[in-house]
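Beneath this line is the structure, given in structure tokens, with notes to follow.
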């Protein structure tokens, strides 16, 4: 019996109310989340290949009519603007908030973070002496990794979060790195005549909408010899916005505010080659992501009291608000596990593509 048969009918508001009051135990929460993803699969899979192709192409065409990005400011406030001490208590040593890559069963989160950084460098063909731009760099773990490994590279991180810029520059100073820069900007608004040998975008393109315009913008920062490496979460067959699939979907809007996240199909970016052309294309099994978020949740649970104390001052001393933030993060992690472990990691996964300028 699947989750769809096991979940009792209640409104999205009722489910969220119980969740925020702490009335839903983890086992029930797993079933409730899995139910939502099973509904998403029913929504996304079509009965014939022609129907599937038409459905997918309609989505691609719809993106081309939209603004370049989604509601990034809303998402930043609700998802990414957390104290660095909190992030350090939950994530690994490079504070990587995206898929980690587990090369063996006993790999630690620190080893998996490093392996992911190494995989990016290998597939992006990073070489010493290059100029590198990491777009949506987060806390700067990849920037610092490249700057340390390739001493003659000049590595720049771009983010619209002041806290992330400050964290990155502080870590670079601690490490004695002089080949690191940070740009505080919204990538969709940022203009520059500068070009880079390598552009990297790790799990950030999900927050874009009009990918035709966005890829054109990225191409202006490339020369004929440059390469663009994009890593994004995806579904293997169809794309979808991370928004409610029906009126009873409590999960999607709770995890990301509406308009903030687009889950592409594994091949979606192949339809946006007006200004760049694909050089290589890979997928990474979803179990790497599932294992990552599961480790983050366990670290949060282990450090729960300390984590709440870290959050309290920045949230107005409100224990209720702190509990809400923690519930959101735990639910995000549990949801990520259910999503990316479906079909043994062969349903939702991570796509990686390498492009050159046309």
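Using N, Cα and C of the backbone, Cβ positions are placed for all residues, glycine too.
According to Swiss-Prot, the feature S-adenosyl-L-methionine binding site maps to 98, 136, 160, 164, 186, 187, 202. The active site feature in Swiss-Prot is assigned to 333; the stated evidence is similarity to another entry.
Recorded features from Swiss-Prot, shown on the structure.
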| residue | record | DSSP (3 states) |
| --- | --- | --- |
| 98 | S-adenosyl-L-methionine binding site | coil |
| 136 | S-adenosyl-L-methionine binding site | coil |
| 160 | S-adenosyl-L-methionine binding site | coil |
| 186 | S-adenosyl-L-methionine binding site | coil |
| 202 | S-adenosyl-L-methionine binding site | strand |
| 333 | active site | helix |
Completion exercise
Students should find that the Cα atoms of residue 333 (active site) and residue 186 (S-adenosyl-L-methionine binding site) sit apart, in Å rounded to an integer, by 26
Handout entry: Neighbour count (Cβ, 10 Å) for residue 202 (S-adenosyl-L-methionine binding site)
Key = 25
Exercise for the section: Mind checking which of 186, 187 has the fewest other CB atoms within 10 A of its CB? They're the binding-site residues. Expected result: 186
Exercise for the section: Ten-angstrom check, please: count other Cβ atoms within 10 Å of the Cβ of residue 160 (S-adenosyl-L-methionine binding site), all chains counted. Expected result: 19
Exercise for the section: Just name the winner among 98, 164 (the binding-site residues) by count of other CB atoms within 10 A of its CB. Expected result: 164
Completion exercise
Around the Cβ of residue 136 (S-adenosyl-L-methionine binding site), other Cβ atoms found within 10 Å total 23
Handout entry: Span of 98, 136, 160, 164, 186, 187, 202 around S-adenosyl-L-methionine - largest C-alpha separation, Å
Key = 20
